[in-house]
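Input: a single structure, listed below in structure tokens.
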């Protein structure tokens, strides 16, 4: 059809916002038809093509000849993932066959969108389970992103909960949870906000998991029980009860047992009921001497592997039997630990002062007159019992202590019962003195105590080995600070080092023994111990390694050699070369590339120059050797790669920046030149000189030997052909014999010249398309064989060539063999000059036309066979 202006308002450019719904109007236009088009439009306006290809737009009619371009909603336009601009080709045809095709350019505009959560938080409510007793720290990483790749801000509500969220979305707990005291569940509202204020919120549930970390405790308050002797078996002595804090909400499952060796009582393991299991005889040993029975009752929440508590109870057996007293005074020695609690039983004097009359009405005797230095710290429970107990506290560490280690006490024993011989001695009273020596034994009763339960030190990873990173300190009430020794008992090593930390045994100073590396280990946790030779205590030490940019970018390859032709187009990625860099402590986007040395006239650049871990070598400007701007054919580039691309100008002055290097060697290859040898009417013999160095003595030897072998081979072939030729030739004596074969022999001259030539470059001949080698200094060239690589070392070669030609009127052409190089060049120059054309009217000499044909043939052969000039 004929093209005319039918689309009014086109071409044009319009915009549409991303995420637009289907049916949104993008652009309105009209169709103008000629008066001849009586039936209007034969083909409605149609989008026949789009660049890039899309189905996101369509054309709707507004009525009459008015139309509009609208969105289809399939696909939905996305500024971040789709092209930013579309060129729509709109076609229309009227009934007369006239057509129009115009372009509507639609640009997609960006729209700020809400941040989105990713991972589990995007599809469900995340529930985090935290064991009670877990130390404060990281518990979850929130994953969110902004469609516009803007930096997001994280916040957490309510603010009263013991949780924090970091700038990167990491949720931290700020306390150690106790299931028995703290809430069992927390609801955290995580909000992520972009710089324009759009936000999204998700809920994270944190459940505190109960663990068996509490020991059961006794609810029975009574510790001393009294029963008379001779109780029947099964008699209940006490009902021991206990509770478990871990099972406050349910009935506790506890198990009771008696730990001390006892043969008189047993306890029900499930109920805790203490019962008599054997006859109790107060008059027999050992109850005769020790009527008090001490039991260690144990309660566990899981037999053998759970938590347990123990309680000591005392059962006093009351004597119901009378025995005659027998008083036998003696001296007693007793050792008592310092700080023994008041009320502690020391000695029962009645056990040593017996009355042969055991009846309570007849064996009454008393102990009186407790005296001696320091007797105020002791007392007799009563004058009847004779039990000596502590009434004061003796602390050897107390400066007010008199410093006495052995106390000598005296007690008077007096029998007050009416004797059975009263008729003889009605006023008789027995009296004796008992000496009691009580030695106070020093006790290491205090454990060393660290000032802190745990220590945390932050250390830069470049801290020198041997540096002090902090100190720990403990005190012991029993000893002076110099008596405490410090040591590391666990966790101070790594895979490569047994110990990377050392602590001063006397001062508690912590030092590093090996270099710290943040990229390998960010946190070291080890246990230190403080000991007073008998008792010890431990504390946890956490060393947080602070990251420092101490790693250099490492690039591959770090050295490379390239060769490029001088005519390489600007903007070309040179030989497809690129470098790829890595940095253990930097983001891949932090790399910046620049050529520091060797880039004369700024011919080379790297693209991209920053923001990526890979970059390509690009030719930035063309070479200009003809005008003298460029003189260097070999470029040695030193490329620097720094990791400061993401730092601001102010941060670059304070942050440590590391630089990696790459060395490139680029050789520029000049364009080749090709000289075509042509001769008018005669054959030109092109001769190559044999080039070899003095050290290549074997070259002529090999050539001579090869020539002899070749001549021998030709002689053998001649002998084999001779019988065959005789059978083919006519009989002898016939006239006008015509030879069956005509041989034309061309002898070529060989000239050998000493010349050290190194063909260190190669290029393609633009005329013939063949590859040739060249010397970058002398300009010497030669054709390259298909299987011959570029010479890495000086080449020594001897080459000979011969040009053979045959034709009517000429038997052979032989080149001179003993001319000097200058004479040779003169001959070649003279041979290259074209012959004068015959003038008009002159007739060609006989054989001249054949000679011209022979010349044209040789010229065509020389174009393909001549060596480069």
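Just so it is clear, glycine is given a Cβ too, placed from its N, Cα and C backbone atoms.
Ranges compared are 645-670, 671-696, 697-722, 723-748, and TrEMBL records transmembrane segment for 697-722. Using DSSP to sort the residues of the domain 'Cadherin' (8-117) gives these counts of helix, strand and coil: 0 helix, 62 strand, 48 coil. Counting residues per DSSP class in helix, strand and coil order gives 1 helix, 46 strand, 50 coil for the domain 'Cadherin' (122-218). Per DSSP, the secondary structure of the domain 'Cadherin' (219-327) breaks down as 3 helix, 43 strand, 63 coil.
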